[in-house]
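Positions annotated as ATP binding site by Swiss-Prot, on the basis of sequence analysis: 20, 21, 22, 23, 24, 25, 26, 27.
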């Protein structure tokens with residue numbers, strides 16, 4: 001890079017997570033950021049939760065099919081925890097240790113928003129699961145994409161076409177408004193890690209906001225050589 005230098009420890013990659021409600025545009029923005037980073041010479045690993053590793057993808061199917069909901073909020077949270085444990089051990093940590101940037105579509109903030117704030121799973125239960133599954137691992141940066149609920153649900157419906165909504169898309173409007181509030185609170189509670197991004201506009205304008213946040217938080221400007 002000609003004009004920026006990475007803020008980083010020796011040898012370790014960077015861990016960036018994308019969060020937000022349904023239809024916020026996370027999948028699009030994570031791909032656009034990956035392309036930008038690769039153009040700057042970075043090695044990038046794209047992944048997602050629930051899922052991201054073979055074992056975790058099995059859990060993803062169980063959760064999004066609605067089977068987890070039948071077991072109750074705490075049992076569903078255990079499914080997420082099992083998936084995350086497999087994902088962290090087999091994908092995220094190895095990639096970071098090799099110096100790659102890991103861009104993850106959802107991580108533990110989604111568990112806190114969906115199962116904690118809305119599913120009413122107690123904070124001490126979530127904290128215990130977090131200690132077991134991720135230990136000291138924490139994203140270097142979390143980008144929370146924010147859109148009005150009606151906009152997000154309309155996008156989600158357009159994306160799936162004639163397909164049936166998944167477990168969370170099928171929830172009522174009150175659920176989704178509560179979800180948006182939960183992500184706002186996460187951003188407010190941890191401003192050093194989280195950046196709330198207005199994702200109402202199209203992909204290109206939003207990608208500029210994403211890149212600005214990455215540059216500001218994970219890179220530092222250096223004087224151009226004269």
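Cβ atoms are placed via backbone N, Cα and C, with glycine included.
Counting every protein chain shown, 29 other Cβ atoms lie within 10 Å of the Cβ of residue 21 (ATP binding site).
Cβ proximity to the ATP site centre (mean Cβ of 20, 21, 22, 23, 24, 25, 26, 27, cutoff 8 Å) flags the following additional same-chain residues: 145, 147, 152, 155, 156, 199.
For residue 20 (ATP binding site), the Cβ neighbour count at a 10 Å cut-off comes to 26, with all displayed protein chains included. In sequence order, 152, 153, 156, 168, 169, 176, 179 make up the list of same-chain residues 6 or more apart from residue 22 (ATP binding site) whose Cβ falls under 8 Å from its Cβ.
Taking the Cβ of residue 23 (ATP binding site) as centre and 10 Å as the limit, one finds 24 other Cβ atoms among all the protein chains shown.
Proximity of residue 25 (ATP binding site) to non-local residues of its own chain (separation of 6 or more, Cβ distance below 8 Å) is seen for 145, 147, 155, 199, 203, 206, given in sequence order. Within 10 Å of the C-beta of residue 26 (ATP binding site) there are 23 other C-beta atoms, taking all protein chains into account. Cβ neighbour count for residue 27 (ATP binding site): 13 (other Cβ atoms within 10 Å of its Cβ, all protein chains included). Residue environment of residue 24 (ATP binding site) contains 25 other Cβ atoms, counted within 10 Å of its Cβ in all protein chains.
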